[in-house]
Amino acid sequence: MSDQDKKKLFERLPLTVVPTHYDLTIQPFLDTFKFNGNVTIHLKVNQPTDTVILYAVELQIDHAKITLDSKDELSGTIEMDKENERVKISFNRQLEKGDCELSLKFIGDINDRMQGFYRNKYTTPDGKEVRYGASTQFEPADCRRAFPCWDEPNFKATFDITLITPKNLRAISNMPIKSENEYPDDKEWKITKFDRTPIMSTYLVAYVVGEYDYVETKDSNGVSMKVYTPVGRKEHGHFALDIASKVLPFYAEYFNIKYPIAKADQIAISDFAMGAMENWGLVTYRETALLIDPKFSSMDSRQRVAIVVAHELAHQWFGNLVTMDWWTDLWLNEGFASWIEYLAVDKCYPEFDIWTQFVADTFARFLVPDALKSSHPIEVPIGHPAEIDEIFDDISYSKGSSVIRMLHDYIGDDAFRKGLHNYLKEYSYKNTITVNLWSHLSKASNKPVNEVMSSWTLQMGYPLVTVVEEQQSNQTRIVKLQQERFIADGSADDENLQWKIPITIFTKSNPKVIAKQILMDQPEITITLDNISENDWIKLNYNSIGLYRVKYSSKELAHLNEPIANKTLSPQDRLMIQDDVAALCNAGHQSFVDYLKLLLSYKDEDNFTVWKSIASRIADLSSLMEYTDYFDQFKKYRLNLFSTIQKELGWDAKENENPLVAMLRPMVLSIMGKSGDQAIIDEAKKRFQCHINGDLIDPNIRGAVYVIVSRYGDENTQEEIRKLYKAADMTEEKVRLLRSMGQSLNPNIIKNTLQFIFESDNVRMQDSASGLVGCTSSCIGRDIVWKFLQEKWMKLVERFGEKSSFLISFVEYCLSDFADEKKANEIKLFFDSVNTPVVTRAVKQVIETIHMRVKVIQRDSKAIQEYLTQL
Ligand code: BES
Ligand code: ZN
């Protein structure tokens, strides 16, 4: 069946019969990986019917009955519809309008695919014994794998959950424990009953069974908070607990709505597909997104944990209390949480200067895929549930949050908060769509929010604003601005899309004040700037808040060198100038030589985030230069660019240094090392040797050292890295090591790494993507990985599941850096032949990206070589 057919055939569940409450009992068996289940669903019959349809998949339902009242029971016939993941229950009599209860008995597998109700593998603290726990992951559409239910976000209901588990294990769920009793049938088991949940969607239900330690506290509003950790490592939970206990009351105050559950727990799950999941009252995390070792975690990990915790706790309101009506509006959940996480982290940890990082990590991130013709609007029509997994992407998250940031700036914090509060109040325990938010924000701000926002959420892409100088006279300048969709490879926009763009302009004469602010709702506008001298710089998009790139004339761009070099411009502005120019070079609007020249103005840059942004652009360009015969010359340029900051930072942390410096140092070291700086390579080797001998490397630079020694080391070095990997008990450390392994330039080592990742028991499925990324860090590795993916694709699909987002990551991470047409064709042919719908869009994006890169080489290669030679 083609994708198109599926779309047409798929229908949401009928509203004939709807659930209001679930009574759910689950008994897991961790030796056989089976579970028994029993659910009684309270229903409202809206129209007389003799069939009830709900979702269930990979469940064996043994018994279904309807209870009308204590004396009247109907037994149902069960028909599974595997293709549509549904079950149809038919009765020999009509159910009349009114209330009734549907009871189902079922059994299922505790699977090993990290979806539904699945197993978690862990070892005892001494590392000697392997054991299993089990936990749930239901978003977006896997609750149906754990119990039969109305598994769409707008069928909200309450849940009474009961777990029957071995006595020695913890049983944890969304709500506080109501009672815990011995299980009459078997004294080794216990029955744990939990309080009734608020009215909520099925995808937010959670339960976990296993061995855990925890740390706990109460927040300033008296909400009980625990962080569950692996046994013996409870002190690794303190950092997250501290953040959570600050962030939860921050949100309660910001939204001016109380957190509605008596507890807010967080738990680290050993096998976890994503970063984290916002289940109401019990947020589940990958270990690296929650656990911080006070001694051996890097600053980077701390910042990541702060961000993830702040993100998931925001969902407790935005997502859980108020939920999107259907997955089309997923971006509302994810975009909003991905914006406000920064607001919360900024309040708790101002030293991270996190809003600047927003621009480099989030804003600049979506600009890349959204410039492709194969992009999609923020609001995507979603038909079949198989399409849902595809949209947890940079567009929903990064463009979504950037749109919110722009809007917040456009209407101001007071109106934003007021509108938000009213919106959350009106739709509490209900479902909503995007325009409902706009209308509340409109009302609160008296601005045409819907009109302005729809051009950003309903159409794909974003504009390039071109600055054309019209006239200049004494102390005034007239500039013409033109907008048109920015397309990655520079092609013209056939659809002629237009946006309503909040434009800001500022100039040298008053660099911290916006000189002109205007809503550009035409293809072209003219602006007069006063108080400006002939050679004064002008810049658009103050602090890079608007969703557009800017193209200056070469003269105007040259004027910007000065405020970049003397740092008059904010870091947000400095970093985006080079990001825009790099994108314009990719698109052929200008030559990459211009970019390389521009970067020289950043030589004395000292801001972490600006460097991070440059490093990311340089990495892109490097992966292209790798395919030329002057790559060595390019590496020299790169060395020179980063040398000043490297000398300043050195290898060792200084006392009381800014946390951002701790993150900048390893980034610079690994770039210098990879660029062939012999002194750095030698020092890394020396430190690695000491590390093996027990003199441990500072965790902040450990990742950099591992990468450098892996790249230049031999088989013995690899063996040492693997030993460290096996010995490490912290996932953070394992991932650092795993990433470095494949960065060797020796084909045999890369092949062995792939085997180590996928074909041994050493690496958890969840970490395979990190390992794979390492393997693609060189053109040698890229070829090996592509061959591997082709050979093993069907196996991977089977192992991860055909809808797995891991498959999308494999395609995106591993294939985008090629630079020849032949590869693009190979990729297309291969994915046409395997028919894995979840990667369809990713494959299109990869192919478009490769075509663009090929054109860059054709266009600019000669000029770049000449430029590098004359340096
Ligand atoms: N709701 C998502 C988790 C999710 C993602 C469920 C994809 C189903 C499919 C959660 O809130 C989330 O966004 N997690 C992020 C981390 C966050 C800090 C951006 C993740 O898992 O990467
Ligand atoms: Zn989220």
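All residue numbers here begin at 1 and follow the chain in the order shown.
Backbone N, Cα and C define each Cβ position, glycine as well.
Unlike curated records, TrEMBL annotations are generated automatically.
Copied over from TrEMBL:
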type     : residues               : note
DOMAIN   : 18-204                 : domain 'Aminopeptidase N-like N-terminal'
DOMAIN   : 239-456                : domain 'Peptidase M1 membrane alanine aminopeptidase'
BINDING  : His311, His315, Glu334 : Zn(2+) binding site
ACT_SITE : Glu312                 : active site, proton acceptor
SITE     : Tyr397                 : site 'Transition state stabilizer'
DOMAIN   : 537-851                : domain 'ERAP1-like C-terminal'
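Where TrEMBL records a feature, it is marked here on the structure.
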residue : record                       : contacts (Cβ under 8 Å, 6+ apart)
His311  : Zn(2+) binding site          : Ala276, Glu278, Ala337, Ser338, Glu341
Glu312  : active site, proton acceptor : Gln266, Ala276, Met277, Glu278, Val283, Tyr285, Ala337
His315  : Zn(2+) binding site          : Glu278, Asn333, Ala337
Glu334  : Zn(2+) binding site          : Phe392, Ser396, Tyr397, Gly400, Ser401
Worksheet, complete the sentence: In all the protein chains shown, the tally of other Cβ atoms within 10 Å of the Cβ of Tyr397 (site 'Transition state stabilizer') is 23
Worksheet entry | Output field, Zn(2+) shell: CB within 8 Å of site CB centroid, site His311, His315, Glu334 dropped | Glu278, Glu312, Ala314, Phe318, Gly319, Asn333, Phe336, Ala337, Ser338, Glu341
